[in-house]
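Trainee: Here it is, the structure, as structure tokens.
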Amino acid sequence: MGKMAAAVGSVATLAAEPREDAFRKLFRFYRQSRPGTADLGAVIDFSAAHAARGTGPSARKVVRSQLSVSSVSDHDAHRAGLQPVSKWQAYGLQGYPGFIFIPNPFLPGYQWHWVKQCLKLYSQKPNVCNLDKHMTQEETQDLWEQSKEFLRYKEANKRRPRSLLEKLRWVTLGYHYNWDSKKYSADHYTPFPSDLAFLSEQVATACGFQGFRAEAGILNYYRLDSTLGIHVDRSELDHSKPLLSFSFGQSAIFLLGGLKRDEAPTAMFMHSGDIMVMSGFSRLLNHAVPRVLPSPQGESLPCCLETPLPAILPRDSVVEPCSEEDWQVCTSYLKTARVNMTVRQVLATDQDFPWESMEEKKRDITTEGFCHLDDKNCQVKRVKLNPDS
């Protein structure tokens with residue numbers, strides 16, 4: 001307990017020091033943190049049996065959040081691979097109205113589908129990814145097929161070149177975000193995946209946002225040395241709808257700050273299956289991921305991913321079977337990685353994109369491929385801060 005209190009005290013002292021802004025200081029502290037030590041003593045763990053563990057001021061901020069249990073039928077939750085909403089645990093944080101954290105509400109085995117989709121399906125064309133900057137469309141046509149043999153035998157050949165999937169840093173879905181202009185546009189759109197839209201709609205509805213439309217998604221693919229810089233997601237034209245975040249694979253530290261960077265952020269763990277909802281006041285807060293945490297057991301999967309997807313699925317489920325061969329590839333990838341899906345509604349009902357002249361459109365043409373994940377091995381141009389900043 002003494003070490004834990006000391007860690008909390010050191011974090012508070014660090015945030016109060018002058019010169020560098022409070023968020024940047026804590027980002028740097030957690031980026032350099034040592035797992036299994038008192039460095040992480042102030043990090044909130046929402047997954048701990050009906051009560052968030054942690055000590056000090058941060059843990060005392062934790063409150064229960066109410067969900068709209070009757071808004072989502074048990075059948076629709078099951079179709080998306082989720083437990084009945086009545087069984088979900090949901091938390092908020094004092095001082096962060098609109099922030100909701102739901103520790104892993106997925107049914108046992110059903111995370112397999114979403115992991116497989118991120119690696120095998122959503123990474124395919126016509127979706128856009130960071131590799132497009134330096135490779136032709138033919139070269140990035142099917143990253144899964146080009147990578148699966150590398151990943152399946154990764155253990156036997158540690159010195160092999162990295163596969164294309166291991167070089168993947170982000171994929172955009174639906175309205176494709178332009179990293180240069182920091183805008184979405186009507187003419188840069190591909191159909192949003194129907195299964196992910198359905199999952200997102202159930203989660204949004206359970207959190208009180210009936211009518212939510214999944215229109216854009218950004219998938220981030222983290223290696224153990226990746227970080228996501230301090231940023232605000234403000235490019236959507238309608239901020240009244242929530243930002244949904246789904247995490248799979250290795251755990252990470254998430255920092256949620258204030259409207260300005262001189263406000264010290266609150267640190268929390270994000271484990272596989274966890275869902276975060278940022279809405280209302282919290283929709284436009286600074287946030288970041290300074291650290292992806294390696295498994296304490298070495299290269300291994302989180303326990304919740306050890307259970308296989310059931311062989312028999314509901315007839316109208318959006319979840320599809322996952323072969324043993326496919327999961328072998330996913331397992332090899334996730335032992336040293338994390339995948340995060342963020343889903344957002346871009347436009348309000350009956351809203352259109354503002355008119356742009358041809359000159360503005362030409363100026364906005366993206367050089368897609370700029371990596372907003374900071375990664376020591378990123379093969380494309382590295383930008384530490386998310387372009388929304």
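Including glycine, each Cβ sits where the backbone N, Cα and C put it.
Okay, so TrEMBL annotates it like this:
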type: BINDING; residues: His231, Asp233, His287; note: Fe cation binding site
type: DOMAIN; residues: 213-347; note: domain 'Fe2OG dioxygenase'
Trainee: DSSP-wise, what's the residue breakdown of the domain 'Fe2OG dioxygenase' (213-347) into helix, strand and coil?
Mentor: 19 helix, 48 strand, 68 coil
Trainee: Which is it, of His231, His287: the one of these binding-site residues whose Cβ has the most other Cβ atoms within 10 Å?
Mentor: His287
Trainee: Across all the protein chains here, work out how many other Cβ atoms are within 10 Å of the Cβ of Asp233 (Fe cation binding site).
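Mentor: Looking across every protein chain shown, the total is 20.
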